[in-house]
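Notes to accompany the following structure.
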Amino acid sequence: GVPPATDLVLGATAGCLACFLTNPLEVVKTRLQLQGELQPPGTYARPYRGVLRAVGAVCRADGLAGLQKGLAAGLLYQALMNGFRFYCYSLAEDAGWTGYTGGTVAAGAVAGAVGAFVGSPAYLVKTHLQAQTVSAMAVGHQHNHENITGAFRSIYRQHGVAGLWRGGTGAIPRVTVGSAVQLATFASAKDWVCERQWFRKGSWAAVLAGGMVSSVAVAVAMTPFDVISTRLYNQPVDADGTGKLYRGFLDCILQISSKEGLLGLYKGIGAVYFRLGPHTVLSLFFWDKLRNM
């Protein structure tokens, strides 16, 4: 192992490297999850249809650079969230908690909750910026920020420090579940393929195999929480910061389920996997290799 403080830096670095490569899929995922918000299936226009066609739609509306919308906020979020997540997980490893039954899952969940809380303001701004586009292709509420600095300034001026953590009730369960599943399945899958001598222990192939298995589990477990998180972050708010569409996490689940059907909670799952798959593999691969260095 490495010292927890080193894991903070390595985790942040790994998350940022992965984010730079997968941010276009994050933009597409955000648009797909906001499309048809609180409307019954088949009753709304669909400017974004599937992952590949949505990529083309983003390029037509915002140019090629549109695929990297919100990149600065995304990098800040990954640095904060993954840095603190891996730092907390490293602390749990040093304390021996991951050696107990279920310890890896519990440590991953707690580490994810801490990371999500610290990174929540950056995720809020990232969601706002990635949803912004021309009116003909707009889905969800349009906040119309000029850039990341202007977004933070605008939110702070209107709603104070507390406003920067609006939507955190969706993000914390999202990352808690995702982190627990990711770290637990990654470690188990990596050990499993090595025990069967399919790949040599410590090899890049074993790391990638563990990450690929983990990404499937993470996408299935996280998509409903991801949809809820995107909706809570992007919804318009009153002057006092109260959401105009959803009162909170449970209300968001109930409204989506009743108006969009249960499949509404899995909107954009293809984009979620194509984003989480590479991101999980790359972030865990970079983290694992940087640790070994």
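Each residue, glycine too, has its Cβ placed from N, Cα and C.
Copied over from TrEMBL:
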- 2-95: repeat 'Solcar' (REPEAT)
- 99-192: repeat 'Solcar' (REPEAT)
- 202-293: repeat 'Solcar' (REPEAT)
- 204-225: transmembrane segment (TRANSMEM)
- 268-287: transmembrane segment (TRANSMEM)
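If you average pLDDT over the repeat 'Solcar' (2-95) in this model, you get 93.
Secondary structure of the repeat 'Solcar' (202-293) per DSSP (helix as H, G, I; strand as E, B; remaining residues coil): 72 helix, 2 strand, 18 coil. Distant neighbours of the transmembrane segment (268-287): 10-11, 13-15, 17-19, 21-22, 25-26, 28-29, 32-33, 50-51, 54, 78, 82, 86, 182, 186, 204, 207-208, 210-212, 214-216, 218-219, 222-223, 226-227; these residues of the same chain sit at least 6 beyond its ends, with a Cβ under 8 Å from one of its Cβ atoms. Under 8 Å from some Cβ of the transmembrane segment (204-225) lie the Cβ atoms of residues 170, 173-174, 177-178, 181-182, 185-190, 193-194, 198, 253, 265-266, 268-269, 272-273, 276-282, 284-285, 288-289, all in the same chain and six or more residues away from its ends.
According to DSSP, the secondary structure content of the repeat 'Solcar' (2-95) in residues is 72 helix, 0 strand, 22 coil. Each residue in the repeat 'Solcar' (99-192) gets a DSSP state, and the totals come to 74 helix, 0 strand, 20 coil.
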